[in-house]
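What follows is a set of notes on a single structure, which appears directly below.
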Amino acid sequence: MTKVARDYYGILGVQRNAGADEIKRAYRKLARELHPDVNPDEEAQHKFKEVTAAYEVLSDPQKRKIVDMGGDPLDNGGGGAGGMRDPFAGFGLGDIMDAFFGAAGGASTRGPRSRVQPGADALIRMRLTLEECLTGVSRELTVDTAILCELCRGSGCAEGTSPEVCETCGGRGEIQAVQRSFLGQVVTARPCPVCRGLGEVIPDPCRQCAGDGRVRSRRTIVAKVPPGVADGMRVRLSGQGEVGPGGGPAGDLYVEVEEQPHSTFERSGADLHCTLRVPMTTAALGAVLPLETLDGVEELELEPGTQHGMELVMSGRGMPKLRQSGRVDGRGDLHVHVDVEVPTRLDARQQELLRELATLRGEDEGGLATTNGKGGGFFSRMRSHRTR
Ligand SMILES: [Zn+2]
Ligand SMILES: [Zn+2]
């Protein structure tokens, strides 16, 4: 490994203006020649890693941009520093190898397995208020994951050294035993215990990562959560998870939303619900009332004769409708449930007025004696129904 920015285009043998397809083809061709399954030779394995690293970089638009600006995205210790890993997002190195070589899953012990393995995903929880779910947030998170070892850049070897072919298995990664039985010769194979199936050993491990190719690191990243998220939703930050063994491509980081309950509003998908308490007289006479919404105080018009249990809908005052695509498509509604309060303590004068009202309305036949109780009989129990 050299200290200067590596020529990733040269490693893959493509022009600087090569398209994604061309880069993929070039990598596929080289990987076929150099893959440890095909070519256990030490130099080929070293080249295979270089080619794989070059492909990782050039197939990622953001990392490629860094290269095009004269930098080296694998040179800053932040293996997952890049953002999106298109067009192979979520497509680990193992998958690519399986697709190219038709490996029969990881169970196969045929040939040495690669030291470079894709990294694991990571999950982090983020507590958000309803207001933050409304607007979306951009928040700094401290994550503690494995990142690429800066010192060896994933090779696991001390500076100036390189892996050596495992003497025990001769680089095959497995040990074969031939046994004679009444069925004839039986060949059994098991992973080599010395190199753990890798076919190579690191004689002089990197002192920083002890040969793993990655180190644990605490770093701060900015997580952007879109408007309209809800409890339990996960936002994927591509390539921000753990770097794999041997400096393999990083997994993804998932940020899971933990929505805190709101004191006023109850959420149901994109709709919000709240209860508005109004005195009996206000409900009967109608009024324009200030109502606290997530967008500030707004005027809510109560029609004269508003009934208990009525639901008034303030359209577009709910939560953003977040689609699967990540786009916001309008907003839900705010449902205001009217709770008409019947007075429970009336003084003599108030009782007199209500009795007079009852007489005027011809409602004084039944229940007069119970008006200072729980309101039974005076106003008939209202049925709830929707306004719109
Ligand atoms: Zn190292
Ligand atoms: Zn071995």
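Quick reminder: no glycine exception, Cβ is built from N, Cα and C everywhere.
The domain 'J' annotation in TrEMBL covers 7-71. Annotation source TrEMBL lists zinc finger at 136-218. Here TrEMBL flags 136-218 as domain 'CR-type'. Among the features that TrEMBL reports, Zn(2+) 1 binding site is placed at Cys149, Cys152, Cys206, Cys209. Annotated repeat 'CXXCXGXG motif' per TrEMBL: 149-156, 166-173, 192-199, 206-213, in sequence order. Sequence annotations record features per position, and here TrEMBL assigns Zn(2+) 2 binding site to Cys166, Cys169, Cys192, Cys195. Taken from TrEMBL, the feature region 'Disordered' applies to 365-388.
Positions of TrEMBL features highlighted on the structure.
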residue : record                : Cβ neighbours (10 Å)
Cys149  : Zn(2+) 1 binding site : 26
Cys152  : Zn(2+) 1 binding site : 26
Cys166  : Zn(2+) 2 binding site : 21
Cys169  : Zn(2+) 2 binding site : 25
Cys192  : Zn(2+) 2 binding site : 23
Cys195  : Zn(2+) 2 binding site : 25
Cys206  : Zn(2+) 1 binding site : 23
Cys209  : Zn(2+) 1 binding site : 23
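Against the repeat 'CXXCXGXG motif' (192-199), the recorded stretches 149-156, 166-173, 206-213 differ in Cβ pairs under 8 Å, and the greatest number is found for 166-173.
For the domain 'CR-type' (136-218), the mean pLDDT of the prediction comes to 90. Residues 115-116, 148-152, 154-159, 243, 245-248 of the same chain sit 6 or more residues outside the repeat 'CXXCXGXG motif' (206-213) yet have a Cβ under 8 Å from a Cβ within it.
For the pair Cys209 (Zn(2+) 1 binding site) and Cys192 (Zn(2+) 2 binding site), the Cα-Cα distance reads 23 Å. In sequence order, Pro112, Glu167, Thr168, Gly170, Gly171, Arg172, Gly173, Glu174, Ile175, Pro193, Val194, Arg196, Gly197, Leu198, Gly199, Glu200, Val201 are the residues of the same chain, not among Cys166, Cys169, Cys192, Cys195, whose CB sits within 8 A of the CB centroid for the Zn(2+) 2 site. The two recorded residues, Cys195 (Zn(2+) 2 binding site) and Cys149 (Zn(2+) 1 binding site), have Cα atoms 21 Å apart.
Per Cα geometry, Cys206 is the residue among the binding-site residues Cys149, Cys152, Cys206 nearest to Cys169 (Zn(2+) 2 binding site). DSSP labels the residues of the repeat 'CXXCXGXG motif' (206-213) in these numbers: 0 helix, 0 strand, 8 coil. Shown for the domain 'J' (7-71): DSSP residue counts in helix, strand and coil, namely 45 helix, 0 strand, 20 coil.
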